[in-house]
Amino acid sequence: MSLIDWFAARRKDQFVGKVSQDTDEGDGLWVKCSECSQVAYRKDLISNFNVCSNCNHHNRINSDERINIVADKDSFKEFDSSLSPTDPLGFKDRRSYADRIKDSQTSTGLRDGVITGFCSVNSMPLALAVMDFRFMGGSMGSVVGEKITRIIERATKKNYPILIVCASGGARMQEGMLSLMQMAKISGALKKHKEKNLLYMPLLTHPTTGGVTASFAMLGDLILAEPKALIGFAGRRVIEQTLREKLPDNFQTAEYLLEHGFVDVIVKRRELKTTLTKILKIHGVNELVEANI
């Protein structure tokens, strides 16, 4: 091997071999966009809110990153952090549900797939729930449903607006009917919140599907979505096989739902806090909170 070939091999090992396909995987210096295949310096991607500067693809981010984008610095106060799922049905497919819970808790550092709490957005109060797709696909089980219900009830008592960041594959099948009941429970809590004329906003991120879409994700006074997010109930193939029709290429995207009136506004990630600030000011959030003191 010539000296030039040796240097070329070394260079390939140092750079090409460390390109990651996902911002959540590995610790390489470079990340390859799953949408346009553009290779970006990881630190540049993170500083751009994990959005590809070439094609504007919004990569998945975790719950902590979401909170940092929305909440004022050091303003987030978490509730119900000790709640953890159990296995009431003794469910087992290829692996037991209990083992899946442990694996997800170990890999994510979370107890379940949502973080809830109060925060401020440019000094205006907000009740915040952030689903995390890393934990069993963001599926909604009894703990996720209970935590979201509790934060809604707390917000109702204090006249706080609510933002729920949705990222979910739907109801958690390992909990059967217990997971399905969370749809009704959360919807009931939102109805009481609405009866006080308080603001509720879901933010639909990629993906938002199944029982989450069929319940609280579509009950907002103002429904926000991230660009190109997959939003739907059943999967595309299931619908095509049932209807025996070819669906449009952009079917179940945020843009398609905006065009057909199911989404009110598409918000780029870097503009989210500014958009929320405008909405909260228009709704006179501080005045509502003061009236409840």
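Even glycines carry a Cβ here, placed using N, Cα and C.
According to Swiss-Prot, the feature Zn(2+) binding site maps to CYS33, CYS36, CYS52, CYS55. Annotation source Swiss-Prot lists domain 'CoA carboxyltransferase N-terminal' at 29-293. Taken from Swiss-Prot, the feature zinc finger covers 33-55, and the record attributes it to sequence analysis.
Confidence over the domain 'CoA carboxyltransferase N-terminal' (29-293), given as mean pLDDT on the 0 to 100 scale, stands at 96. Under 8 Å, Cβ to Cβ, and six or more positions away along its own chain, CYS33 (Zn(2+) binding site) finds VAL39, ALA40, CYS52, ASN54, CYS55, HIS57, ASN59. For CYS36 (Zn(2+) binding site), the number of other Cβ atoms no farther than 10 Å from its own Cβ, over all displayed protein chains, is 11. When the binding-site residues CYS52, CYS55 are compared by the number of other C-beta atoms lying within 10 angstroms of their own C-beta, CYS55 comes out lowest. Within 8 A of the CB centroid of the Zn(2+) site residues CYS33, CYS36, CYS52, CYS55, the other residues of that chain are SER34, GLU35, SER37, GLN38, SER53, ASN54, ASN56, HIS57.
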